[in-house]
Each structure stands twice: as structure tokens, then as C-alpha cells.
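J.: Can you read through this structure? Questions will come right after.
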Amino acid sequence: MTGALAGYSILFVFAVILIGISALINKNNRLNQVDELLTAGRGIPFGFIAASVFVAWVWAGSLMGAGEAGIWYGVSGGFNYAWGAALPFLLFIPIALRIRTLMPKSTTFIEFIRERFGTRLANTFLVFGICLVLYVCVMQAVGIAYAFEYTFGLNFKITAFLASMLFASFIAIAGLRGSIYNSVFQFFVILLVVFITVPFIVKELGLAHIFESLKIISTDTAHPEHNPDALIFFNTAGLRYGLSAVVIAMGQVLLSQSYYSTAASAKSTKSLFWAYLIGTVVAWMPIPIIFGNVIGGGFYSLGLTSEEVAVNSGAAPYIFQLVLGDFGAVAFVILILMTGLTTGGNGLAGLQAMFTLDLYKRYIRKNATESQQTRFGRMIILLAGVVIGAAATLLDGVSLLMIDIFSGILFAAPAASLILGLWLKRLNSKVAFASIAIGLISGLSAFVMIQDEDLNWFVGNMLSLFLPFVVILVSLPFTKHRFDYNVLRTYEPDHHLSGGGERV
């Protein structure tokens, strides 16, 4: 096994590269201005946005979690992970375009919620948004720590904390621009590693051998990993997971300020549309499909069982090292490190915007200058890195996929009021708030009360997402409220906009 020194060396080398890039950005841009720090000056071209969106959505879970889905659900696992997670992004595109049209000078989606529904609901969304980003970043730190622990034997807690502080550091230094520019570097590293290692793994394992192994576990009832649906592409359990993935990703996309910040940074509406479409649906979807089948199939073709790997999330690094040796170990760790750092950094860039504009400027120091706001934005991200690192150290041995599934219940409930609030003028704040509470309580209640562990998470996720839509739509005929969307177009932020706010 490659030694711990190699693992720490990899962390150190990439830390120097990424922080170095951020330092150059900080030196060459006016990051003491709020709009420069939080939206990169609203002039980022198509290619940079597409690369940033792609790598931000390639989570450690897209690799390790998709591999785990392949183990659980066979050939359908990776596909269901992919379409389930991609669908909310297709929905996010018109949402981002709508907000850009209605409020061209806005930065955070919390600003829209405040102007549309009032302070109480805005604060509710702020809490959800902050918690979501912290959760996402913890997931990335855990994924990175798993990879280094399984491959190099590094201490899980130390690695998780170091990873958290690394992506917090380059966002504190360079803000959203640091996230986007680092993403371009990480984009090429990720693609290089994937296109070199995966073909080698498939060649070593053999497609025929993978198929025969899946056939055995689907037909041999005495097999310890028996799964009769392993070779059924449209099996019920897999499709159920795909639907759950929609719910999980819905909250992760719609409540993540980072995607709104990246959308605000786009040079034009046209570039925003194509960057998000290509970056997510075209470029991202093949990744979980590949890993779901290669890792899921490889797990069984190598004769592994869940007893041999502490958690199924560890299957991916185990297979990379077992099949490709030290080269595979290093390659996989670099892959997970890049995906985790980009997603974590992207999330913290969004958190920086919410803390700076929606918390500090509005509630803590209302007369703060732009320099004071940006200083606070940098410091709070470093503090967030400490919190994320501390939380990640507590999750050693926990399945990434199960964490992901449960998160859907927690974060899907607000989606309905955000989506429908963009188009339905009859929707008022009381109904919106009630829909969130009903969806969240119903989802959690189903998860706790249903004894069937194969069903409780699914019902909980479905209720959390879809019940709020029902509540809102049923209430509309009884509301007298009519919101005037024209007032949003006159919205003026308290800080100077680099791009002037008028973008096409």
C-alpha cells in the first residue's frame, strides 16, 4: 500500500496549486468590492461557466455514491443516479433565467424570496440555504477523507479537517472567481484521470466477466450478495431510487446559492443557458453512469462482499487500487480530491454571498462599507471551514449514499414555494410557509413511522417534495393576493454592480 507520506504529499501539492491560483486572482482583481468577490464581476464567459458547473456537480458522491448505487441496484444504479440528479438541473435553468429577467440586479435567491414573500420566509430560506451548503461541504470532506483513508491509510479525521480548510481557504482568498478559475484547472484533471483509468479497469476486469458476475448474483439465491434485479435495467428498486434522486438533487440545486451566484456571473443570458445545459446534462450525466457500472460491476466481478469493505462507499477506491495498483490508488485519490474541492469551494462561494448580503449587511452591520462586507465574507468562510471540518470528523464509517438519501427529506420541502413563486402571482407568504412545514413534517414522519427500511426513505422523500406543491395548488383558488412582478425589476442592491445589472 502506498504510504501515508504520499497521501499527505498529494494534499500539499494541490493545496499549493489551488491557493496559488487564488492568490494570483486576489492580486489582479478588485476583490474588496462586493460584486467582484461574490459574482466575479458578472462577466465570466461561457466556457468557464460550463466547466465550473460540471465540476461543481461532480461530487465525491457522483463517483463513490454512484458506485454504491451500482452495487445496490445493479446495471440500473448509475443510470438512475444520473437522470435523477440531472432532472432538477434542467428545471434550474428556467428558474435562473426567470430570476435574471425579473431581478437583473440581484445576487442571491434570498433577495428574490424577500422581495416576493417578505422577511419571514426569506429568513426561513436563509436557514435552509446555509444548512444545505454546510451539509454539501461536509459530504465532500467525508468523501475525500474516505478516499485517502482507504488508499493511503491516512487518519480520517485529520484528512477531513484538512480538506475542509483547503477549500475554505481558496474561497476566502478569491471568492467566486477563485472557485470558477480553479474549476477550469480541476476540470481538465478530472477528465484526464477518468479517461485514463476507467478504460484500464474495464480491460483488466473484462466486460464478459463483469456480466457473468452480475448474472451469478441475480440467479444464485445462496450468494451472500444475491440481487435478482442486478441485470434488470428498469427494475422497481432502481427506478424508485431514481425518483428519490430527483428529490435529493432538487433541494441540493434549488437551495444552493452557489448555482445562483455562478448564474449571476455569466456574461449573458445566452451563455448562462448553454453553459448550464452542457455543463450538467451533456458533460456530467455520463460520469455517474460510468462509475455506477464500472464500480458496481467490478465489485462483484472481483468477488467482493460488503463484509470485506467497511462501507459500500469504499468500494471505488478499493477497486482502483486492487486493479491498477499504486497508480490506480493515486489516480483515484486525485479524482476524489478534485471533485470534492471544487464542489466544496463552489458551495462556500454561495455561502459567502448569503452571509455577506443576507446576514451581515442586513442584520449585523447595516451601514457596512463594501470593504467591511468583503472582509467579513472572507473571515466567515474560514470559520465555516472549521465547522465543516469538525462535523466531517464525526461521520467516519457512515454511508455517503444514505446521508444523501436522508438529505432529500430535509431540503426538498421549500422547492415548491420557490418554483411556483416565480410564476404564480396568487401565491402568498402564509401558504408558502405552511407548504414547507407540512412537507418537511410529513416527510420526516414517514421516515420515522414506516418500518420497512426499503420504503420509508422513498415515501419520506416523495412527501417532502410533492406535498408542498399540492398544498399550494389547492389553496390558490381561495387566495385574494396578487403579486406585481414588475416591482422586482426596480430592485436596487446596496452595493455597486460591476456589470451594471443590465444583461442580455
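Every residue, even glycine, has its Cβ placed from backbone N, Cα and C.
All annotation found in TrEMBL is predicted automatically rather than curated by experts.
Found this in TrEMBL, in case it helps:
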- 37-60: transmembrane segment (TRANSMEM)
- 80-100: transmembrane segment (TRANSMEM)
- 121-148: transmembrane segment (TRANSMEM)
- 154-176: transmembrane segment (TRANSMEM)
- 183-202: transmembrane segment (TRANSMEM)
- 241-260: transmembrane segment (TRANSMEM)
- 272-295: transmembrane segment (TRANSMEM)
- 327-355: transmembrane segment (TRANSMEM)
- 376-395: transmembrane segment (TRANSMEM)
- 401-424: transmembrane segment (TRANSMEM)
- 431-451: transmembrane segment (TRANSMEM)
- 457-479: transmembrane segment (TRANSMEM)
J.: With pairs 6 or more apart in sequence, are the transmembrane segment (80-100) and the transmembrane segment (154-176) linked by at least 3 Cβ pairs under 8 Å?
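T.: Counting Cβ pairs under 8 Å (6 or more apart in sequence), the transmembrane segment (80-100) does not reach the transmembrane segment (154-176), since there are fewer than 3.
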J.: What stretch of 121-148, 154-176, 327-355, 431-451 shows the most Cβ pairs under 8 Å to the transmembrane segment (376-395)?
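T.: The stretch I would name here is 154-176.
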J.: Is it true that the transmembrane segment (401-424) and the transmembrane segment (37-60) have 3 or more Cβ pairs under 8 Å, skipping pairs fewer than 6 apart in sequence?
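T.: Answer no: the transmembrane segment (401-424) and the transmembrane segment (37-60) share fewer than 3 Cβ pairs below 8 Å.
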J.: May I ask you to check whether the transmembrane segment (154-176) and the transmembrane segment (272-295) make contact, with contact taken as at least three Cβ pairs under 8 Å and only pairs 6 or more apart in sequence counted?
T.: no
J.: Looking at the stretches 37-60, 183-202, 272-295, 327-355, 431-451, which one shares the most CB pairs under 8 Å with the transmembrane segment (121-148)?
T.: 327-355
J.: So which of 37-60, 272-295, 327-355, 431-451, 457-479 is most in touch with the transmembrane segment (183-202), counting Cβ pairs under 8 Å?
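T.: It is 327-355 that shares the most Cβ pairs under 8 Å with the transmembrane segment (183-202).
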J.: Mind checking which residues reach the transmembrane segment (431-451)? Cβ under 8 Å, same chain, six or more beyond either end.
T.: 117, 120-121, 124, 406, 409-410, 412-414, 416-417, 421, 457, 459-461, 463-465, 467-469, 471-472, 475, 479
J.: Against which stretches of its own chain does the transmembrane segment (37-60) lie, if we need a Cβ under 8 Å and a gap of at least six residues from its ends?
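T.: For the transmembrane segment (37-60), the list is 29, 31, 85, 89, 107, 136, 139-140, 142-144, 146-147, 175-177, 179-181, 183-184, 186-187, 190, 258-259, 261-262, 264-267, 271-272, 274-276, 278-280, 283-284, 287, 336, 338-340, 342-343, 346-347, 349, 352-353, 356-357, 374, 377, 400, 497-499, 501, 503.
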